[in-house]
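Feature list (source: Swiss-Prot):
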ACT_SITE  Asp49  active site, proton acceptor
BINDING   Asp49, Gly50, Arg54, Asn118, Glu119, Asp148, Ala156, Thr159, Ala160, Tyr161, Asn162, Tyr163, Ser164, Ala183  NAD(+) binding site
Amino acid sequence: MEMMMTAAPRIAFLASTAEPAQRARQELMARYGDCSIEEADVLCALGGDGFMLRTLHRHGASGKPVYGMKLGSVGFLMNQYHDDLLERLQRAEPAKLRPLQMMAQTESGVSVESLAYNEVSLLRQTHQAAYISIDLNGQTRIDELTGDGVIVATPAGSTAYNYSAHGPILPLGSHTLALTPIAPYRPRRWRGAILKADTEIRLRVLDPYKRPVSVTADSHEIRDVVEVTIRESTEQRVTLLFDPEHNLEERIFSEQFAF
């Protein structure tokens with residue numbers, strides 16, 4: 001389905017600090033003009049996937065669709081950089097994403113909330129393995145996971161850290177989440193689970209003083225956590241725009257056949 005957009009949409013250009021992205025931003029503003037985020041019809045993010053995630057975290061609540069152009073090292077969430085921007089915006093296909101909503105409790109009693117568009121990951125902070133229990137919708141499913149940690153990934157993020165940890169690639173729009181252990185020692189044969197998107201996931205660190213654990217929501221890290229609750233956000237949703245010949249759904253599908 002193509003995105004309905006005015007013939008000359010107002011574009012706010014955002015760029016990473018990398019020199020190629022900054023240079024491209026100046027060239028695009030000279031050609032198409034520039035406006036504030038508040039006045040824009042669409043945001044154009046110039047950089048790599050890391051910058052796209054930062055853009056979504058900073059401006060996702062604006063409700064403006066985001067069209068990314070790859071000027072970084074990794075560009076799974078980006079389109080290729082070309083000159084015919086207006087034509088491509090007219091033909092762009094939307095992908096609507098809901099982030100994960102995370103609540104973390106630390107040893108000191110502090111509560112920290114964050115969103116994650118790719119994944120939430122718990123990881124041991126020292127050489128010692130983490131001990132983590134896993135509750136789903138209030139029911140304990142794993143009393144004690146021993147290993148490096150555990151990942152909860154969205155479909156859009158399932159091809160990233162989750163896939164590197166041998167987790168499943170999830171189809172876009174499948175309304176599922178991937179729950180994937182990182183280097184599990186016990187239970188040794190458990191390779192994770194595919195969950196309904198509305199599942200509430202509670203991860204408890206069983207020996208936080210001797211075996212400390214950190215949690216990272218995309219790039220936001222909180223150290224020394226004792227409990228983390230994760231669920232799909234019911235309030236926030238973002239729209240990414242992709243060229244129809246290489247949309248996000250096709251990219252996720254193609255990753256399953258990459259060698």
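Including glycine, each Cβ sits where the backbone N, Cα and C put it.
Here the features listed in Swiss-Prot are painted onto the structure.
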residue: Asp49; record: active site, proton acceptor; DSSP class: helix
residue: Arg54; record: NAD(+) binding site; DSSP class: helix
residue: Glu119; record: NAD(+) binding site; DSSP class: strand
residue: Ala156; record: NAD(+) binding site; DSSP class: coil
residue: Asn162; record: NAD(+) binding site; DSSP class: helix
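Residue pair Ala156 (NAD(+) binding site) / the residue listed as 'active site, proton acceptor' shows a Cα separation of 11 Å. The maximum pairwise C-alpha distance among Asp49, Gly50, Arg54, Asn118, Glu119, Asp148, Ala156, Thr159, Ala160, Tyr161, Asn162, Tyr163, Ser164, Ala183, the residues recorded as binding NAD(+), is 28 Å. A simple way to gauge crowding: the CB of Ala156 (NAD(+) binding site) has 23 other CB atoms within 10 angstroms, across all the protein chains here.
Take the CB of Asn162 (NAD(+) binding site) and look out to 10 A: across all protein chains shown you find 27 other CB atoms.
Within 10 Å of the C-beta of Ser164 (NAD(+) binding site) we count 11 further C-beta atoms, all protein chains included.
For the recorded positions Asp49, Glu119, the greatest number of Cβ atoms within 10 Å around a candidate Cβ is found at Glu119. The binding-site residues in question are Arg54, Ala160, and the one with the fewest Cβ neighbours inside 10 Å is Arg54.
On a Cα basis, Asp49 (active site, proton acceptor) lies 10 Å away from Ala160 (NAD(+) binding site).
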